[in-house]
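Chemist: The structure's right below; bear with me while I get my questions together.
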Amino acid sequence: MVLEPKFVDYGSIHPTPDGHTHQVHHGVSGPRSALLSPLDDEDVTANASAGPKMTQGDLYQRQPLLPNPKNGDHWAQHTHGTTGSEYYVDEEDEIMDKGSNRNGDIIIDIPASREEPRFPQERWKTLLAFVIMCFNFILTLTSLSLVHDKVPDRKVYGPLPDVFLLNVPAYDWALDVSEYIIIFCVNSCMITMIFHKHRFIVFRRIFLIMSLLYMYRAITMYVTVLPLSSTTYVCSPTSNDTSPSLIMKRVLHLMSGFGLSVNGKHTYCGDFIYSGHTVVLVFSYLVISEYTPKKFFLLRIVHWLYWILGLIGVIMLQLSHGHYTVDVIIAYYVTTRIFWIYHTLANNANLKQFSSNNLLSRTWWFALFLYFEGNVGGPIPRQFDWPLPWPRRWHSKGNRAS
């Protein structure tokens, strides 16, 4: 609260040669002084001589009614250098100093505080998530190496009844088409995420979600072994003596081909529930849709392109009789639910805590999620930048948000 100057010199009484007294007004700057003393000294002298004489009591009545400021009063006057300023001291509020600002604005100096970034890189967590994903990927390959020897003989047990497989003939070339689409989607998705401004957080999430999908798949394919869905797919001979060295050899053989059959490395059978091809196709689309801008027309076309490629890849997979239809349905359901649950938790700060009302916190991997996502302050902006320190002129051309 800022008030105008409160004390005005109303003048003093000086005797005149004729024995009368007159009041002399001292110069007071500002519009208020003009209102209080509109007459100059000559007019005052004339009025004083023409009117009744001013007594000492009249002078006292013209004095300010408010007392001089004392210690303990709420109103005080502060002089800083040669510029005067008034402030009001309230018992419950802090001192508001007007300073030299004549517009009546109150300037409050807030000390600069160091704020932590909302999206810390935490590269060591990304590296740890990559290690966890590699472990679960090897676990999946190990499960397949064990299941291969348990697959029922196709000469004795034919494919299970499936609506799609019974009504559509098998096309062996369709599996190669599906895997070429997978190669394109995965590589283009990874390259795109490298240019994301928060690439370490994005890759950390990719590694963690894929870790869960690999682990679940390793369990489901091991606990339930289904007969071969294809009558033409070439499988390696089984072994009656499954030794650790043989399992290790099979795992390394599968790793060399990244789990794909297009390069001739995936010759072990039995990995049905659930479809790994469908997982990769659906997951690639979800990543592109979540972390790339949506407001630009060309980028919306890219989203639709990934969706169409994913659909074509799944259809080609079914045309080759590489999986049962239930494998594809379960893969779609598990992939989308894990992805959506994870990002729902990551994008809402109030869900990042154990609570009886937060039912999502009952998932067994919630504590792991809190460790990796506890410092991330909300949804990741869809921004991109140049990932390398050179050339520097490219750094200012990124940061394109949705």
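The backbone N, Cα and C atoms fix where each Cβ goes, and this holds for glycine too.
Taken from TrEMBL, the feature region 'Disordered' covers 13-87. Residues or ranges marked as transmembrane segment in TrEMBL: 127-147, 177-195, 207-228, 272-288, 297-317, 323-342. If you look up TrEMBL, you'll see 269-344 marked as domain 'Sphingomyelin synthase-like'.
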Chemist: Given the transmembrane segment (207-228), which of the listed stretches 127-147, 272-288, 297-317, 323-342 has the most Cβ pairs that are under 8 Å apart from it?
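Modeler: Looking only at 127-147, 272-288, 297-317, 323-342, the most contacts with the transmembrane segment (207-228) come from 127-147.
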Chemist: Which numbers of helix, strand and coil residues does DSSP report for the domain 'Sphingomyelin synthase-like' (269-344)?
Modeler: 59 helix, 0 strand, 17 coil
Chemist: Sort out the residues at least 6 away from either end of the transmembrane segment (323-342), same chain, that have Cβ-Cβ distances under 8 Å to it, and list them.
Modeler: 160, 162-165, 205, 208-209, 212-213, 216, 220, 226, 229, 272-279, 282-283, 286, 290, 314, 317, 360, 363, 369
